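Colleague: This is the structure, below, for whatever I ask next.
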Amino acid sequence: MEKSGSVDSLGSKQSSSRQPSVDSLSSSSTSRSDRSSQAKPPSAISSDSVSVSDSPLSPEQLRSNIRNKPVPKVFRDSHKDEPQLLTKETVQDMAKDVTYICPFIGALRGTLTVTNYRLFFKCMDRDAGTVLDIPLGVLSRVEKIGAATSRGEVSYGIICKDIRNLRFVHKQPEDTLKKSIFENLMKYAFPVSNGLPLFACEYDQVFPENGWKVYDALAEYKRQGLPNESWRISKVNDHYELCDTYPSTLVVPVTIPDEELKRVSAFRAKGRIPVLSWIHPESQATITRCSQPMVGVNGKRSKEDEKLLQAIMDANAQSHKLFIFDVRPSVNAAANKMKGGGYESEDAYQNAELVFLDIHNLHVMRESLRKLKEVVYPNIDEAHWLSNLESTHWLEHIKSILAGALRIADKVESGKTSVVVHCSDGWDRTAQLTSLAMLMLDAHYRTIRGFQVLLEKEWLSFGHRFQLRIGHGDKNHTDADRSPVFLQFIDCVWQMTRQFPAAFEFNEYFLITILDHLYSCLFGTFMCNSEQQRLKEELPKKTVSLWSLINSQLEEFSNPLYVNYSSHVLFPVVSMRHLELWVGYYIRWNPRMRPQEPLHQRYKELLAKRAELQKRVEELQREVANRAASSSERAGSPTRSITPVQTFV
Amino acid sequence: MFSVKPLKPTFKSYLPPVQTDLKKSPQLTIRKLEAKLLPGEIVVNEANFVRKCIGTESSQDDLWGKLICTNFKVSFITHNSLPQQNFKYVHRLLGEHDVPLACVEQVVTVNDAKGKQKVLGSNKKLKFNPTELILYCKDFRILRFRFDQAGPESAKKVCLAIAHYSQPADPQLLFGFEYAGSRYYNSSGERVNGVDPGGGHQTPMFDRPSDWDREIKRTGASEWRVCSINEGYLVSPSLPECFVVPASLADQDLKQYACSFTGQRIPLWCWSHPNGSALVRMSSISDPQQQRKLDQRISSAITKSHPQRSDVLKSDLDKQLPNIQEVQAALAKLRQVCVIEPFEESEEKWLSSLESSRWMDYVRAFLRHAVEIVYMLEGKHTSVILLEEEDRDLSCVVSCLVQLMLDPHCRSLLGFQGLVQREWVMAGHRFLDRCNHLRKNDKEESPLFLLFLDCVWQLLNQYPSAFEFTETYLTVLSDSVWIPVFSTFLFNCPKQRAEHSRDFARSKSIPLGQEQVLRFPPVWDWSQQFSPKDQTLFNNPLYVGKSATYVQNGAVKTFKRTKQKSYSSTLRGLPLALRNGQLSDLDTLPRRNSLVLRLPTAAEPQGLLLPQLLPSHLTLWRLYFLRWVPEARIPRGGPVTAFHKLSLLVDEIHTLQSHLRHYSTSNSSFTLTSTPSGLPPPAPSPAPSPLPPGPGLALSPPSNTPHRPQSLSRSPPDHHQQRQGRMYFRAPLSTPAGPGASIPTSSSCPAPDYLSSSFPFSPVGNLCRRGLLGTPLSKLLSGARIWLSTETLANETL
């Protein structure tokens with residue numbers, strides 16, 4: 001019900017930071033190269049980001065909340081002309097008389113500041129409230145458009161990963177030796193390409209909680225009841241020797257010794273062998289994940305691999321069958337044989353049933369998001385909104401992912417059958433499906449901390465290549481490895497929260513904040529491609545975790561309607577009739593998109609009311625008891641009440 | 001089809017004694033299957049041993065019983081109960097499997113052995129014996145009955161009867177007449193004409209000058225007056241007997257003007273903004289010679305009634321909005337994609353089909369038009385005339401929407417009902433023709449009222465706490481259109497109602513009292529349809545009534561201020577919405593608090609309600625359009641799960657409040673010197689309307705309200721009524737120590753399993769498309785073979 005509109009509420013006071021943001025590059029340039037555009041507002045970090053998000057609280061409220069908390073520096077006071085800097089943030093360049101061409105409001109003149117973390121534009125003439133405050137990590141591409149005009153003005157287009165584009169015009173410095181602010185911007189926006197550190201490695205804000213401690217693989221497996229008589233924890237990958245993109249802690253069937261695992265790893269792409277992700281607490285049916293088998297054109301087989309899958313099946317006494325979900329379309333899976341990959345043949349794997357889930361690859365998804373951005377940004381074609389949306393296929397892809405996850409969850413829950421999930425490498429679509437299925441099956445992952453564990457486990461520790469898919473600090477915006485895989489996953493989660501508004505402990509703002517910091521490069525959480533790399537880079541020491549921020553102010557991120565049903569499996573209806581475009585995320589830069597009335601806020605009011613009444617009732621009860629006692633003592637002196645308690649409600 | 005004859009209930013097993021395969025057989029006693037009839041209802045035809053299809057996939061869950069056609073409904077009576085349904089929303093006029101004849105859109109008979117199919121009309125012949133009957137209903141249901149075991153003749157007869165009786169030739173054959181008539185006979189003396197004069201409801205009917213007077217006072221429209229020149233419907237056949245006109249126009253003039261307007265409809269006052277701008281509706285001027293003069297007269301009279309004498313703006317609805325046929329066509333297409341087409345096939349093109357139906361476009365067009373008029377009234381202080389050829393269709397929608405956006409009173413339950421009563425029923429919307437109850441002219445049929453309710457739903461969806469009622473209420477209201485017993489939806493105008501009821505009474509020699517009319521219950525008398533408990537499903541737990549509290553940074557503050565702000569912020573969205581450069585002064589708008597300042601009675605925390613109009617922000621009204629679609633049902637999900645949680649919380653608050661009241665009365669002998677600090681003495685909000693306090697109403701601004709002990713006397717002292725609760729879902733009571741104090745706890749109360757996105761409706765047995773299989777889940781797992789084998793395996797191992 002609660003639709004949140006992000007964008008800073010138009011309505012709020014003038015002073016509140018408007019984020020009129022966005023403006024578009026000329027559309028031609030956009031379509032040309034904006035392949036990796038992803039949605040994301042970096043801002044979540046800054047005060048405007050707060051206002052931008054769909055938080056159920058009003059920006060003012062949030063801001064004032066924040067001020068009272070020891071988290072402060074992250075949130076900036078946008079009322080000032082200059083950005084309030086984070087720790088270790090320094091101004092690199094500043095230019096006056098820059099024109100920001102806002103697609104919604106028009107040209108705005110103001111001051112542009114570039115720090116090692118953000119781009120900050122403050123409008124100085126009309127619409128003086130307008131502020132753009134964008135972490136540089138959000139920028140995907142910065143480029144000069146056309147030649148300088150006769151007045152010596154040059155325009156720059158910026159394509160952002162969070163579904164918006166910006167366009168600035170400014171005068172070229174007369175001193176040709178001096179770098180223009182945009183040249184500086186490019187330097188700091190793409191530090192990796194320029195041999196600079198990412199800002200996350202400098203940022204050293206201290207939060208009350210250390211988010212790097214959120215996930216402990218052993219503790220999580222223990223929660224699932226592992227190890228048990230069928231499953232053991234293997235140290236074979238302790239030093240990432242078996243597989244450098246896997247976590248060090250793996251759960252495998254007890255019947256398979258480490259030696260055999262090593263042989264299996266030769267047969268699975270990138271050495272990503274089948275290991276356990278989740279086990280059903282009652283039926284012991286499991287979700288295991290891996291990469292494709294290296295079958296090749298000749299139909300190679302591996303005895304150890306077959307044995308491992310048999311062992312996975314045997315570990316579940318409830319079923320004599322094993323389902324292998326190959327996430328890819330069958331054509332793609334077959335095509336992979338040419339490259340040495342492929343899929344399990346039914347001959348080799350007795351008792352296993354192979355199912356293709358028909359989800360397209362990351363290039364298709366990237367293209368779909370690119371089209372989506374064209375449809376939603378900057379303006380919507382009102383007459384053809386739905387058919388345009390349909391032509392992007394974005395929701396169709398969301399549907400196919402959710403449908404795949406639903407099949408997995410249903411097989412495990414209703415069929416009590418163990419499943420193996422893989423795509424080609426087992427780090428993109430596989431992560432989407434296992435984590436969504438686990439979200440459907442296990443209520444723990446629907447809590448705020450549980451969700452963090454889910455991300456840490458299925459995405460980060462199992463080597464979803466965030467660095468590559470997002471391209472942190474890398475100017476190579478056409479990189480074919482970029483893709484909105486994680487965004488799609490979060491979108492799917494949001495779809496589920498829409499269908500089950502009381503089943504998730506977190507709210508929409510939580511999801512948006514995660515996406516904002518996916519790009520912001522403020523936190524170390526989404527840096528690097530694997531657990532091994534993160535360890536090597538000493539990220540937990542050198543950077544702050546996003547969960548530090550979030551867990552220090554859980555209130556902001558929690559859904560008041562949450563009801564914790566511990567053993568409640570969610571089967572969403574995967575139908576276009578229920579899927580919606582996440583307007584609170586994709587369309588939040590449009591100033592017409594204003595926050596709608598927050599249901600959550602009303603709920604909080606009611607909660608406060610109840611607390612207050614409860615207190616009164618209790619106090620009255622006590623009072624009555626006291627009175628009764630005392631009046632019986634001094635019996636015979638009854639005072640008629642003059643002012644009866646006012647209790648009419 | 002014949003090949004899959006049911007294994008379970010056969011002709012024999014249907015007869016009671018030995019039913020080994022029916023689980024509950026032991027207790028089954030012989031009961032005759034008889035229709036439950038209302039007063040005035042008679043059985044026309046019936047067929048035994050009819051099978052009602054429940055699942056489309058197999059006949060396993062099908063129900064066996066008797067199919068009956070009465071002069072009111074198609075009824076299906078069975079001993080079996082629906083599978084997987086432990087929740088019932090009991091309708092007092094209709095049984096679980098009943099459909100009013102007026103709700104039947106199309107009657108289709110099928111003989112699948114001969115491969116024949118025929119759409120039955122009134123007095124049509126049927127040359128084959130039907131094996132199957134499919135009823136397509138106006139409310140998007142599709143029912144299927146099979147006659148495999150029924151006598152061919154009786155099957156045929158009942159089909160023909162349904163087709164015939166669902167198309168009455170004369171309004172007086174509509175069941176409402178018999179119903180009202182026999183209720184008169186059966187009534188005791190206390191009731192007038194069989195209906196409680198008050199009708200058990202407090203909705204103003206606007207058939208008396210006093211109702212209009214109250215409305216004039218409420219809106220502060222001092223320059224307007226009630227005019228009764230149409231008494232006896234002598235001036236205009238389609239206007240009510242009394243209505244409101246500019247004070248400066250004399251009756252004499254009005255009579256003279258009337259003949260120049262289409263339908264002799266004198267322009268009607270609808271509403272006045274606190275700033276004095278009025279909303280007026282007007283039909284076109286039929287006499288071209290008079291056009292200019294009359295136009296000027298009317299405009300200047302309206303200008304005179306404006307405190308600032310500001311200009312009048314005319315808005316020609318016919319030019320700017322879709323016409324009734326377009327709306328009808330849109331709904332037909334929407335029906336096609338929502339319920340007729342096979343689910344999976346329509347999935348692929350769902351969005352573009354939705355778009356090409358244009359339904360959402362039209363919803364948006366009406367909302368946008370209303371917003372523009374709101375802007376004129378609120379922002380430009382201009383009076384507005386809604387101009388429509390006949391002033392009986394589009395004006396109803398627009399006028400209501402404008403008032404809903406501007407006047408919080410209209411968002412209360414009674415306010416809303418009064419609004420519909422005024423702008424639709426009394427203003428002469430042709431419900432009889434638009435509903436096409438008589439099937440006389442399909443071109444006249446149009447679901448404008450449903451379109452209006454959809455627009456209201458969009459507002460409710462965007463502002464969930466602004467309305468006292470829920471989407472269930474809106475849905476039930478739209479369904480009531482097809483129950484032809486309510487005065488509200490049976491007639492084209494008040495005059496027609498008066499004439500028909502008088503004629504009918506005469507022809508049946510029903511002695512009428514002085515009023516000379518038969519009284520039909522209005523739909524607003526909800527006790528006609530639902531128990532008090534079920535009616536609580538109408539109450540929105542989120543409703544912020546006249547005053548409420550909200551929390552900021554943990555502290556409780558009064559709601560008013562901020563609310564004002566946030567809603568006015570809404571207003572600031574407008575310039576952008578309308579933005580073409582001209583509306584430069586709009587920024588100053590939000591700062592005016594005219595609504596609050598000038599109109600204390602209508603002052604409410606949230607004045608203006610402006611919807612977001614981007615197409616991306618309007619959504620399909622899923623409860624209404626998809627409630628019968630089994631594949632679209634989200635088990636244990638949907639908005640109702642949030643509604644449930646909220647209801648529990650609000651219920652707890654009510655209980656606590658009644659505790660407090662209890663203490664105050666039972667302990668009045670004690671002087672309590674100190675009220676706990678910071679605790680607000682809840683005071684009653686001065687409610688302008690006599691409506692019972694909604695959940696939100698009860699929340700009062702804590703700090704700055706003075707103690708008002710005298711209000712005690714106003715509080716209804718009955719705790720029992722309180723205990724009954726205003727919420728459908730009640731928090732369970734835990735009884736802590738302490739006498740009589742039971743404090744509810746909702747925090748850990750899970751939602752019942754029967755909740756689903758279709759609640760309180762159930763698609764089970766209500767949507768049986770032919771040849772369509774299964775639920776989404778089963779289809780999804782459409783490696784169905786695999787799926788079955790797994791199941792079997794799993795079962796074997798157990």
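Placed from the backbone N, Cα and C atoms, the Cβ positions cover glycine too.
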Colleague: Check each of the ranges A:286-311, A:520-545, A:624-649 against TrEMBL and return the one annotated as region 'Disordered'.
Modeller: A:624-649
Colleague: State the Cα to Cα distance, in Å, between A:M338 (substrate binding site) and A:C423 (active site, phosphocysteine intermediate), rounded to an integer.
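Modeller: That separation, Cα to Cα, works out to 16 Å.
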Colleague: How do the residues of the domain 'Tyrosine specific protein phosphatases' (A:392-439) split into helix, strand and coil according to DSSP?
Modeller: 32 helix, 5 strand, 11 coil
Colleague: Across all chains shown, how many C-beta atoms besides its own are within 10 angstroms of the C-beta of A:R429 (substrate binding site)?
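Modeller: A count of 28.
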Colleague: Got a sec? Which of these recorded positions, A:M338, A:C423, has the most Cβ atoms within 10 Å?
Modeller: A:C423
Colleague: Can you tell me the three-state DSSP label for A:N336 (substrate binding site)?
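Modeller: Where A:N336 (substrate binding site) sits, the three-state DSSP reduction gives helix.
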Colleague: Give me the count of other Cβ atoms within 10 A of the Cβ belonging to A:W427 (substrate binding site).
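Modeller: That number is 25.
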Colleague: Round to the nearest Å and give the CA-to-CA distance linking A:N336 (substrate binding site) with A:C423 (active site, phosphocysteine intermediate).
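Modeller: Cα to Cα, A:N336 (substrate binding site) and A:C423 (active site, phosphocysteine intermediate) are separated by 10 Å.
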Colleague: Let me know the largest Cα to Cα distance in Å among the substrate-binding residues A:N336, A:K337, A:M338, A:K339, A:C423, A:S424, A:D425, A:G426, A:W427, A:D428, A:R429, as an integer.
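Modeller: Greatest Cα-Cα span of the listed binding residues: 21 Å.
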Colleague: Among the binding-site residues A:N336, A:D425, which residue has its Cβ surrounded by the fewest other Cβ atoms within 10 Å?
Modeller: A:D425
